[in-house]
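Visitor: Pasting a structure here, questions to come.
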Amino acid sequence: MKLRAQPYDIEVGRYEVIINSADAEELGVLAGDRVQVKDKDTITAVVETTDAIVSPGKIGIYREAWESIKVVPDEVVEVLPAAKPKSVSFIRKKMDKQKLTSEEMHAIIEDIVDGNLTEVELTAFVTASYIYTMDSDEIEWMTRAMVKTGDQISFDVHPVMDHHSIGGVPGNKISLCIVPIIAAAGLLIPKTSSRAITGAGGSADLMEILCPVSFRADEIKKMTTKVGGCLVWGGATNIAPADDKIINVEYPLSIDPKSQLLASVMAKKFAVGADTMVLDIPCGNETKIPTVQEGRKLARDFMELGDRLGMKIECALTYGGTPLGRAIGGGVEVREAMVMLEKFEGPRSLLEKTIAISGMMLEMGGVAPKNEGAKMAVELVKSGKALQKFKEIIEVQGGDPKVTSDMVPIGDKVATVLSPQDGYVLEISNKRLVYMCRLAGAPHDKGVGVILHKKKGEYVKKGDGLFTLYADKEWKLDAAIKESLRNPIMMVEGMILEKIEVV
């Protein structure tokens, strides 16, 4: 069938076209089927149908397909029915509880990266992986496929270190301290981090307050080789590109299949050339891993996958039932991290976790004797070497190396919530705390953050400040404070949670 091309400057994430329902019927295709669009070049695209947007005799072509085929408006193209990718049948195989082969897994991941699958097909794969879990072979094959379908970095010097946290704990700013400590010891650490999806700020969001974080894979290698480390946003690279597309499906479904968690983390680390890693697994109420028992099992799974990939993995089960440190979100978190590097001061939870994990990495990297890593980490901070290295990393990433903790901007709209009575703080809700921060504008508004004046187990008097919230916009601050009063993030003993009266 001959149709006239009509461009649409809309990104849809794949090759996609839209044709009139009458033309679709004549072609024998339905919405979700594929067609070949032929001009000087040929592409295969997913079909959408319409009764109104595109008139008969025309074909609407979205940006990705338009840029690939390079036709001009109203140019006549040939449109023919095309078969679905073979990977669709492999997805159906997983839905039927069958084990996939290495080749089948690679085909699925390749089609995800190339945009050859519809949202329905990708969702089917993610859901099937969640319901019918993958075995160790499938997880390894998925990891390798995610690496092969994106950019990879290799270094001439080894070991190449990395650190990753499963997440779920507000205030987990330790990457900003760990990366310069490890690099100051002479080890390489090309740290790629994520932005917050449901949290108040990921490591990349925090680092972006100090310097740019969006770099290509070759730039990451160059910066790491020059100063020993970097802390960048993984989403700006083409490293394991299938991961972001899978996450986009998982998020609205509120699922995180273990197989894809393992593959996602390990593919990104393997692709940047890391061969030695410490994995932080926070456990506790309102974290991703509620119990230590579940944490141990996840640790074993990661270590087994590391063995299969030739990576040395050690895991740290950490307490995640309460925020790390006293600063959560944006500039206040960055300030707290920098104060630790500047003065070796700060909340005990931040100091202890940073030093413990850094010590593990220094021992694994071979620069500290067994059981001496933590001592070396402390010396690197107290001597100023870690701070100097952090400034070098900031500079190589395009930031101001003269920045100090008191120069980091925070929101100028401020409110403090007071305790309604005397008593001990019994609980801090991680989820409510994060929700309040997001209502205040985090992670988009970099000035948003919370300072906790009291933590779990501490005594508070009536009228004392429980926490202070900073924001960039007054109306967002008001919305967040109102929410915190309706659903308190802190429970002080003796507080009435809800009053129920006779009507």
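Placement of Cβ uses the backbone N, Cα and C atoms for every residue, glycine included.
Pulled these features from Swiss-Prot for this protein:
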type	residues	note
ACT_SITE	D256	active site, proton donor
BINDING	G168, S194, R195, A196, I197, T198, G199, S203, S264, K288	AMP binding site
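Give me the structural setting of these features: burial, nearby parts and distances.
Guide: Counting only same-chain residues at least 6 apart in sequence, those with a Cβ under 8 Å from the Cβ of D256 (active site, proton donor) are E250, K288. Look at D256 (active site, proton donor): DSSP puts it in coil.
For the recorded site, I197 (AMP binding site), the DSSP three-state label reads coil.
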Visitor: On a simple 10 Å Cβ count over all chains shown, which one of the binding-site residues I197, S264 is most densely packed?
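Guide: Counting Cβ neighbours within 10 Å, the top one is S264.
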Visitor: For AMP, with binders G168, S194, R195, A196, I197, T198, G199, S203, S264, K288, what's the maximum Cα separation in whole Å?
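Guide: This binding site's residues have a maximal Cα-Cα distance of 18 Å.
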Visitor: Other than its own, how many Cβ atoms are within 10 Å of the Cβ belonging to G199 (AMP binding site)?
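Guide: Total other Cβ atoms inside 10 Å, all chains included: 23.
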Visitor: Could you tally the C-beta atoms, other than its own, that fall within 10 angstroms of the C-beta of G168 (AMP binding site)?
Guide: 21
Visitor: Show which residues of the chain containing R195 (AMP binding site), separated from it by at least 6 in sequence, have their CB under 8 Å from its CB.
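Guide: Looking at Cβ-Cβ distances below 8 Å from R195 (AMP binding site), excluding near sequence neighbours, one finds G202, A204, D205, W233, G235, P443.
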